[in-house]
Amino acid sequence: MEGDQRTSPPTRGLLPDGHLVLWTLCSVLLPVLITLWCSLQRSRRQLHRRDIFRKSKHGWRDTDLFSHPTYCCVCAQHILQGAFCDCCGLRVDEGCLKKADKRFQCKEIMLKNDSRAADAMPHHWIRGNVPLCSSCVVCKQLCGSQPKLCDYRCVWCQKTVHDECMKSSLKNEKCDFGEFKNLIIPPGYLTSINQMRKDKKTDYEALASKFGKQWTPLIILANSRSGTNMGEGLLGEFRILLNPVQVFDVTKTPPIKALQLCTLLPYHSVRVLVCGGDGTVGWVLDAVDEMKIKGQEKYIPQVAVLPLGTGNDLSNTLGWGTGYAGEIPVAQVLRNVMEADGVKLDRWKVQVTNKGYYNLRKPKEFTMNNYFSIGPDALMALNFHAHREKAPSLFSSRILNKAVYLFYGTKDCLVQECKDLNKKIELELDGERVELPNLEGIIVLNIGYWGGGCRLWEGMGDETYPLARHDDGLLEVVGVYGSFHCAQIQVKLANPFRIGQAHTVRLILKCSMMPMQVDGEPWAQGPCTVTITHKTHALMLYFSGEQSDDDISSTSDQEDGKEAEK
C-alpha cells in the first residue's frame, strides 16, 4: 500500500518558462526588426534615386504605380512602379535609371551648336509607351496595341510610328513640331537668340519672321500648390507637349522673372496660360504691370486662365469655366488657348486710409480684378483664411473649402456680426452720397460673376438692368441683407439690392471693426476711408466654348443691345 501511495513527480509544461519568454520576445521583436530593415533599405534607395535625379539631365519623377500598362525603356520588362521623365516621357525601372541616363537624351531646350538652322530640326524618337489611341503616321493603323515595348513617338511633334514602319528616311526627317508648332518655342530659335546676344544684336523680329505671323508662343505659369496639388502634374504634361523652357512653377520662379522670356520673343505675340486660382492670376497681372513700369509694353502678353482654385470667378467670366479637374486632356486646353480671342479687363486701385489726425502711415493699396466687399461674405472669407493659415494641408480640396464656407455662412446667419452696416458707413458713387437701407454687406463688382458662379448684378426675374461688363470702366455696387440673403442669391431665389454703377466708389467706415476683402484676400479693418478708382487695363484671352446658359443669354442680350443702338 505504501508503495502504491508514492507521489508521482509533477508534470512538466510543453516548454520551460525561459524558452517561452524567448519565443515571445522573438515573435515581437522580429517583425519590428524586419520593418526597420525595410525602412532603412527604402530610405537608402530614395537617397540613391535623389542623387541620380539631381545629376541627371532628365526631369525624373518617381511613382509607386503607373496609371496604365508600362514597359521599361531599357530592359523592356513590364513595370508597375519606377520613374518617368516629365519632359520627354521616358519610363524606366528603378534599377535601370543610370543606364537610361547614359543611353537616352532628354529634350534639348537649346541646340548645342548653331550648325542646324532654327527651322531644320530632326525628329527626336523614343521607343515604347506611346499614348493610347495614337495612329502611325505611315500606315495610319493603331500604335502601341501590343503588350510589349514597341513603336516610336517623337517628343516634339508627338507623332507615332510602328517599329516596322520606321525607315531611315523617317529618322532623318525634319520635325515640324506638330499640332502645337505655333505655341512651341523651337530650340533652334533660342540658340540663334543666344548667338545674337553674344554678338550684341537685338533684332529678334527678323529671326521670328521665319515662323510667320501665326506664331504665338505660349508661356505656362502654374501654381503647383493649387487644386489639390494638381498643378504639379500639369507642369509635367505641359513640358511633354511644349518646350520645357516655356513651363514655370510660380512657387519656384516668380512671375516677374518668368515673364522676362517675353522680351526674347516677337512684339505683341506672346500668350500666357495661368494655371491656378484667381489669386495666382492677380499675381501674374501684377507682374505684367511691373513690365509696363520697366518700359516693356511692347512685350506685354495676353493672359488665359486654367482654373484650379476654389472660387474661380474671373476665369468663369472669361469663359474658362468654374474649375478644372482633368475632365479634358491638356492637349485640348492648348487648342482652346489657340482659339481664344483677346479682350480687355479693367483693373482698379483700392486705397484704404485709416482714420485719425495723427495717422502717419501710408494708405494701404490693393489692386482689384474681381470685387471688393464689406460684410458677411468678407467675414466668411476672413474666418476661412484664419483657419487655413493654421492647417493649410486640411484645405486642399475644392469641395471641402466650399463646405467650410457654408459652415461659417450658417454661423453668421445666427450671430449676425455685421448687422446695422448702414449706420456705420457712408457710401458715395461718383461723388454723390447714397442713402442705404438696413443692409449687412456691400459688394463692389468689376466682373460678371461672384461667390463661385453667381451672376450678381443681372440677378433673376423680369427686371431689366444694364449688363455687367469687365471692360467698360464701370463698377457695379450692390447690397445684401445678410448671410442667408447671400445663400438665396446663389441658388437664384432672391436678387441683391442694386445700389448703382459708378466710375469711382468711396466708402467711409465711421466706427467699429468690420471685415473687408479684395479678390478673396480678407482682413479686419477699423475706421477708415476706402476709395476705388480705375488703374489700368489687362490684356486677357476669352474662350467662348465654355459658356454657361447665363453666359449665352447675357451674350445674346448684349448683341441685341448693340443692334438696337445701331
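Cβ coordinates are placed from backbone N, Cα and C, and glycine is handled just like the others.
Annotation source TrEMBL lists compositional bias 'Acidic residues' at 547-558. Marked as domain 'Phorbol-ester/DAG-type' by TrEMBL: 57-106, 122-175. Per TrEMBL, the feature domain 'DAGKc' maps to 213-354. If you look up TrEMBL, you'll see 547-566 marked as region 'Disordered'. According to TrEMBL, the transmembrane segment annotation covers 20-40.
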DSSP-derived helix, strand and coil totals, residue by residue, for the domain 'Phorbol-ester/DAG-type' (122-175): 4 helix, 13 strand, 37 coil
Average model confidence [pLDDT] within the domain 'Phorbol-ester/DAG-type' (122-175): 89
Per-state residue totals over the domain 'DAGKc' (213-354) - DSSP helix, strand, coil: 59 helix, 34 strand, 49 coil
The domain 'Phorbol-ester/DAG-type' (57-106) - residue tally per DSSP class, helix then strand then coil: 10 helix, 14 strand, 26 coil
